[in-house]
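Database features, via TrEMBL:
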- 142-445: domain 'Kinesin motor' (DOMAIN)
- Gly232, Gln233, Thr234, Gly235, Ser236, Gly237, Lys238, Thr239: ATP binding site (BINDING)
Amino acid sequence: MKDICFVFMQGYGPQSVEEKQRLYMLLRNLNFNGESLPASVSEPYTPTAQKFGSGTSAEGLYSPELRGELGAGLLDLHAMDDTGLLSEDVDSEPFEPSPFMPKEIDDDEDDMITGSQLGPADNYNAVTSEKEISTRENNVAKIKVVVRKRPLNRKELSRKEDDAVAVHDSSSLTVYEPKLKVDLTAYVEQHEFCFDAVLDEDVSNDEVYRETVERIIPIIFQRTKATCFAYGQTGSGKTYTMQPLPLRAAQDMIRLLQQPVYRNQNFKLWLSYFEIYGGKLYDLLSDRRHLLMREDGKKQVCIVGLQEFEVSDVQVVREYIERGNAARSTGSTGANEESSRSHAILQLAVKKHIIVTETRRQRDRDANEAKNTKAVGKISFIDLAGSERGADTTDNDRQTRIEGAEINKSLLALKECIRALDNDQIHIPFRGSKLTEVLRDSFVV
Ligand SMILES: Nc1ncnc2c1ncn2[C@@H]1O[C@H](COP(=O)(O)OP(=O)(O)OP(=O)(O)O)[C@@H](O)[C@H]1O
């Protein structure tokens, strides 16, 4: 079997329920974990208005039993913010629309989903045209789902396994699912999917960067936060895909920092890296120091004690990333010898350093100007731990199974939050896991 890793991009700024629901729609159908694939799909699933327009055609895809055990992921690292974004004193070009936003938007069609276009089996809530309009007008959160196919690994090749995924073009693929009839005759079911982008197995990490992160780097300097996360089952290539991205992003950010417009404003780049392992937070750049998560008076989640480092050199960024990677919790699963056993979160924050004059007493004491910083924008890279099927755990020891259970639990909690959002529930179960607690603000508009 070939596996697929999803790279999901989320632009920050004001977010709408509609965008999040759309993401949920996209991702909850992406469980290629053998047993959770749809039993029968007569038409391809397309996460755009055109396909939703087909009414019941893809009905089977949306029934709860076909969603699979571990569904979608939706992350937002407002949660990690203990400071609001700088709202003034930033000289920049006018605020840019999302790089994922089509330049020209046709009023009545394309990428927006209308209530009338939804299939009856789907309890996706109708999106009113009024909301659509306001969404467009506000240029709100932009989501991009990119799928990367990985090549067969040595084990799969030696077992002469079939290639289960065929990439057709830059936005669609087919998954071939081997099945057995009741009389044990083998047959293959085909499932077609469309995404914002599909990258074939020969695509390099550099191309992944260009397709996903590159375009949002400039807007991080314009009071924007973005999150890129990798979702997929264990061994699907999440870490392989995610690890090079922050370094490439840092390279571009450092280059931008040299530009007079940002240099003159004293913009600097800061890096932090932590993981959520077994429901606990650890600083990967500070000897795995146990971190505590607290809520402040404004119900903002703060990670107390998380170390941030100012970086101005790509080589230094590389060293920090390597140090953090080395500190990450890894283990071995049936599907991946070097499996990440944690959710890793690397953040690159642009901050404006403000020279402030302290109180008279302090000034007298210090006679120096004190420095202060204010967040301008931030990009977060999240390498989620892989979801695991029962079949992946047969060879695992007790510890690995416990870890797997914890990982699945947290991804399930993530799914529950997204499902609650999808159902417009008032109560969103953030407290289901540390992951969802930390990412709480992503579910709150
Ligand atoms: N696109 C690719 N091209 C070549 N090799 C790949 C690709 N994707 C993944 N691999 C290889 O597959 C193996 C598993 O990848 P990786 O560790 O990134 O999976 P993962 O999804 O992070 O798994 P886990 O959730 O268990 O941590 C690694 O040896 C990696 O080098």
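Here the Cβ of each residue, glycine as well, is placed from N, Cα and C on the backbone.
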C-beta crowding around Ser236 (ATP binding site), within 10 angstroms: 25
Reduced DSSP assignment, Ser236 (ATP binding site): coil
Cβ neighbour count (within 10 Å, all chains shown) around Gly235 (ATP binding site): 25
Whole-number mean of pLDDT values that fall within the domain 'Kinesin motor' (142-445): 84
Largest tally of Cβ atoms lying within 10 Å of a Cβ, found at which of the binding-site residues Gln233, Thr234, Thr239: Gln233
